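Asker: Please find one structure pasted underneath; my questions will follow.
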Amino acid sequence: ALASDPGGTLNFLAMVENLQGDSGRGYYLEMLIGTPPQALNILVDTGSSNFAVAGVPDPDVTSYFNPELSSTYRSQGIEVTVKYSQGSWTGVLGTDVITMPKGLSGSYTINIATILESENFFLPGVKWHGILGLAYDALAKPSSSVETFFDSLVRQAKIPNIFSLQMCGAGLPVSGSGTNGGSLVLGGIEPSLYMGDIWYTPIKEEWYYQVEILKLEVGGQNLELDCREYNADKAIVDSGTTLLRLPEKVFSAVVQAIARTSLIQEFSSGFWTGSQLACWDRTEKPWSLFPKLSIYLRDENSSRSFRISILPQLYIQPILVIGDNLQCYRFGISSSTNALVIGATVMEGFYVIFDRAQRRVGFAVSPCAEADGSPVSEIEGPFTTADVASNCVSSVSFHEPVLWIASYALMSLCGIILLVLIVLLLIPPRCQHRYTDNDVVNDESSLVRHRWK
């Protein structure tokens, strides 16, 4: 990988273990912002595209960036609001210089949003003070013209358009000490962070890291759903999402399959929905009671697939100790209304390569993905795709299908109205209706002006 870097600015080993955090509260990177530098911890999020930091004091953050103290900060005076699946914030866009103590050498000028107001974004106990969106500029707010953090690095540092991510929290308590390790390697792949081969799946669309999932298995048994159900309405790889999130129909099928194959006969429904914990004596390890979960992804060769599998140590997650005897666990899978999200629950099992240059996401087994000395993740392949559809993702991929349908319906209506108006204009004057002021359709109320986008 270093051969592609004749200047020698890339030292991937210097980036090993540059992250801290856990799957419950996210993994973060230390960054120095402004002149003189202000040190902040920044959450690594492959499911969004803005770089934003707390810009005013907040009860839930221990540090914030004060632009008034930086001689290199330049405000762009543009307000920006970003909404996530949980939480939102509003801030102001600006630029400043950043350096990364355990990242690329040198300093770089980056677009930064300073967060002035937020709701359910900074949460009690989090040890990060901002967010590093590593997805594509299509998701950047307020528009895709805002150059993303990683695009700025690629342009200024002249590094390859690829980064890779390892999050080491397998089998460790969720929301614990926040000192689990992890690595964000900017510009390439570090061989010490994976074992075996890297398996690649194509990026279907460059906004989120959208991939194509072909099928799911629980305990080696295929769920037998139409493969389009797994991609409804998208399947993405997102380090900023805590759990494995599944479309509602898929989630129901997975829960039923786990309950059926589990060695536990009676199980509270509240455990599956996330409202209740399940507790065992601390001397017991409940993981042997649950099945393995496998996700099949389409290979770069579309007639082949490979599967990534997680053992229960990754999705039955220790979260709380009660008294001297009980260890309580949560279910690391939840339902979603609009996506299948490969979040930290799965990503902690793998070294994940975001190869933007070749439009693909790679998975390899991570050496830190083990519990009690045994691996908790697997990759196997290739398998034939003869038993699944040639395309499990809608060929016309609209980000908001319902709005697009409504948009076309409204535009069709506009066309009809316009045609009627033209016909009326061509009718001799004596046949025309004499309009009153109340009949006039002004520009403010026209469908063309207010059509949905």
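Backbone N, Cα and C atoms are what each Cβ position is placed from, and that goes for glycine too.
As the structure is a computational prediction, the values presented were derived from the model and not from experiment.
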Asker: From the disulfide entries in TrEMBL, identify which of CYS227, CYS279 pairs with CYS392.
Answerer: CYS227
Asker: According to the record in TrEMBL, which candidate from CYS328, CYS368, CYS414 pairs with CYS168 in a disulphide?
Answerer: CYS368
Asker: What is the nearest of the recorded positions ASP238, CYS368, CYS392 to ASN301 (N-linked glycosylation site), using the Cα of each?
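Answerer: So, of the listed recorded positions, the one sitting closest to ASN301 (N-linked glycosylation site) is CYS392.
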Asker: Please compute the mean pLDDT of the model over the domain 'Peptidase A1' (27-364).
Answerer: 94
Asker: Have a look around CYS328 (disulfide bond) and count the other CB atoms within 10 A of its CB, chains all included.
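Answerer: CYS328 (disulfide bond) is surrounded by 16 other Cβ atoms within 10 Å.
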Asker: Could you tally the C-beta atoms, other than its own, that fall within 10 angstroms of the C-beta of ASN301 (N-linked glycosylation site)?
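Answerer: Taking all protein chains shown, ASN301 (N-linked glycosylation site) has 10 Cβ neighbours within 10 Å.
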Asker: ASP238 (active site) to CYS392 (disulfide bond): how many Å between their Cα atoms?
Answerer: 20
